[in-house]
């Protein structure tokens, strides 16, 4: 079958011909319809330090997808050939303390689809049936293909009560932008998102951000004043991994504020812990999606009218994958969809 693989320990990704995956007793075989390029895929493409330490070569990559079930393992219940599915990209062990307690998103033995095992940039994918999510008919393929990153946004944004709250989001990548849309949809008062990329700040405006602030040109304190804010933000969503952005967030949080962190900062990042302590801030780390509460919430948000379509800015056939990666790497894109349909 055709598949995009990391074949060499260098920059790039290659179209290859690999054997189709084998179906296990508890697995689904999925024929891929559409995939999306993730920031993780860009790390793998660019072969940065994280990728060099993490990705075995060769490896079929990709983990954002939608497809159709074409075969079902003999022990599987609840799925049938013809079902349209997306899937959770974190394969969990099922026997650690967190898995047994129903907190599978915190499994210490997680294996990543397209990272530690063959991924979805292929004609066919095998995953455990436990990881598949059957899609409602009224959610189109292109939205289903981005459920993985949308789930990151939903998990982060819905970590805290948002109704009537003032929210600061640092980092206007696709996940940060989708988080802004979620915050507005569920009833936040002001949703302010910061970045230095004008293209993506404009996308954030289209997706409902109250203010999209280029912090290289405008002071966040001035924006807060213009919005009539006098006490700081109630909720912070850190999506950038940029130390200066996180420090700015801590400075602008109200006393008792709550921060959810999805962005990955340098391990040596220093912050003013005095402000964390004396403001009584709550900081929560976010990894992946809650299984499967986040997935149910994603479907419900879209079915209740949340419009994610502006975040999808580019479509390519899989044969033109190189153009897709170039678009994603340009900084002038939202989500990039690769279609596997003939």
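Yeah, the Cβs are placed from backbone N, Cα and C, and that goes for glycine too.
Owing to the predicted nature of the structure, the values given are computational and were not obtained by experimental measurement.
With 195, 200, 262, 263, 264, 286, 287 listed by Swiss-Prot as binding NAD(+), the candidate from 175, 311, 312 annotated for that site turns out to be 175.
Within 38, 93, the residue that Swiss-Prot lists together with 63, 64 for binding Zn(2+) 1 is 38.
For the binding-site residues 38, 93, 96, the largest tally of other C-beta atoms within 10 A is found at 38. Taking a C-beta cut-off of under 8 angstroms and a sequence separation of 6 or more, residue 40 (active site, charge relay system) has the following same-chain neighbours: 63, 114, 115. For the NAD(+) site, whose binding residues are given in the record as 175, 195, 200, 262, 263, 264, 286, 287, the maximum C-alpha distance rounds to 23 Å. Cβ packing within 10 Å was compared across the binding-site residues 99, 107, 175, and the lowest neighbour count falls to 99. A Cβ within 8 Å of the Cβ centre of 38, 63, 64, the residues given for Zn(2+) 1, is found for these other residues of the same chain: 35, 36, 37, 40, 41, 62, 65, 89, 114, 119, 120, 148, 149.
For residue 107 (Zn(2+) 2 binding site), the nearest of the recorded positions 38, 43, 175, 200, 287 in terms of C-alpha separation is 287.
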